[in-house]
Amino acid sequence: MRKIMKKIKVYIADDHQILIDGIIAVLSSEENIEVVGFSLNGEDVLKWFKTNTADVLILDINMPKVDGIAVLQNFFNNNFQQKVIVLSSYDDVKLIKEVLKIGALGFLAKKCAGENIVEAINKVNNGEQYFEKSIQQKLLDTFNTHKSTSKEFVSQDGSFFSSLTPRELDVLQLIAKQYNTKEISDQLHISVNTVETHRKNLISKLNVKNVVGLAIYALKNNLV
């Protein structure tokens, strides 16, 4: 007997009907995705989610009545665990940092939404973060230009990353600056094998997959 595929229920919020129609058109060809509704303002989003559910919310930042930031903040304040992909005409790192801190899992620039929206929905639905390549590069560039010291590695609650050793912090900083293994080895006067061990430990302790994950982690925890 053929297994019935569970569809990802998606809700769209944007103040431009033409953009909503465009996203719906893109998603209509995806067998595993179903659009369950849309809103043109943030107030209607909050009303809808009081009595309905969606797996993924695609949320514009600039909307009338209640903007996207306020919608996210409302979810965050009420401990409402909603998977959200933020849409924005702006890709400012400060904005990305703000929405990450209040619960967004993905961020898409509107100009790239059509080509990335399906992948973003699938990843965010699985609990993964999603940032298109241009956003990833912005995060990395911001991280790489930040001149931090060990004492600046502070988490959101103000505590130090006590689980990381001073040497791991050194390695983390150099990884974030895009040093390769040999360069880190030379810089810190340790063996290549030791660098690899520290790298694996960092990925495990910080629960990230790669350098982009480190940059995102840094943004969420006030490192940049």
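In case you wondered, yes, glycine gets a Cβ from its N, Cα and C as well.
Note that the structure is a prediction, hence the values are computed from the model and not measured.
Under the heading domain 'Response regulatory', TrEMBL lists 9-125.
Using a 10 Å radius centred on the Cβ of Asp60 (4-aspartylphosphate) and all shown protein chains, the other Cβ atoms total 25. The 4-aspartylphosphate annotation in TrEMBL covers Asp60.
TrEMBL lists 157-222 with the feature domain 'HTH luxR-type'.
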Residue distribution over DSSP helix, strand and coil in the domain 'Response regulatory' (9-125): 56 helix, 27 strand, 34 coil
